[in-house]
């Protein structure tokens, strides 16, 4: 009975935690089918925005509007990670054995000591680790410096203390909270998952999420419905993807034209973009380079585990001096290990990183150089890479297939009168008419 009570308490506690999490995380999919007023009511907000006190309380409750991302570890951790290599472990073990056999034992017996092998191994290991550490530390520091130079802000509607009316103010996007009323204009980055309240000729580029270069028109799809007192669409289209919802904008997308007023629904890792970022942040999988280094290291270890006992037994039984046989077997183990290999690998990777830095590419991990060069097939979006994401109008023909200036005139008039974001065809027509490639007809003026 006691166990059942404890289990019930655990279930109730888990359920309450889930309810609490649900209250904190409003699904943007749900709000897409709600009217603006219904969304504001669920968020305990209004079109006049949040008060400064409410915003501060929500910031403490929901946390800063930041997505999960990799952070460079402290310098000491980076230094230790630079020596985190199975091959280096083998070399350090051999250096310790060499110290005992070539220095400590001869010193105790009053014989001549030899530190040459130890110095060579330690020097090669130290140079390899320090070179890797310095290159990665410097690039991580440069990346952090570039990031700190960029400060993204958002225009938000806030109410001051007392009876002060709402006023627009510019704040860092990290300080946004659910329920904030924000304003979007051309060139703005959408700072969170938002539900549109008002919009005018709003076009948003969602290429960061969909890969599609063409901007998508966004609008308040429930404006007419909410005016009649309805809270939801009669029959929401569940087959539509989140990117196809016309009345929501997702974090990370950017406004190409138009303007809008919106309410923040989700921030940080609770956004759609944040959930994607969170899923890829964590322990990295082993790359082909890492597996190759481990494979070589274990091959040498297995080879030594086979050869050293064989050499020890043959020398011991043939000469009868087991101490001398042990020293010779250890010397064989040292000779089988290429001490210069870590240094050669690190120096070559560092050389590649320096060459890429001259082309304004920051390499945060040296192993990425080998992974980049080992690619056989690269799958990438051709728009903006292999192609220029641009259309050029070469000919303007009439129905009979003849060149016609009247066709160009009509095309230019139609394209130049386009409101909102112009598509690639409109841009091509306007570019040909303005670029002087052909004489613009007088009637077009």
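Residue positions begin at 1 at the first shown residue.
Using the three backbone atoms N, Cα and C, a Cβ is placed for every residue, glycine included.
Cross-referencing 256-275, 276-295, 296-315 with TrEMBL places the feature transmembrane segment at 296-315. Of the listed segments 63-80, 117-134, 135-152, 153-170, TrEMBL assigns transmembrane segment to 117-134.
For the domain 'Cation-transporting P-type ATPase N-terminal' (30-103), the DSSP counts in helix, strand and coil order read 47 helix, 3 strand, 24 coil. With respect to Cβ pairs under 8 Å, the transmembrane segment (327-350) is most closely packed against 117-134, considering the stretches 87-105, 117-134, 296-315.
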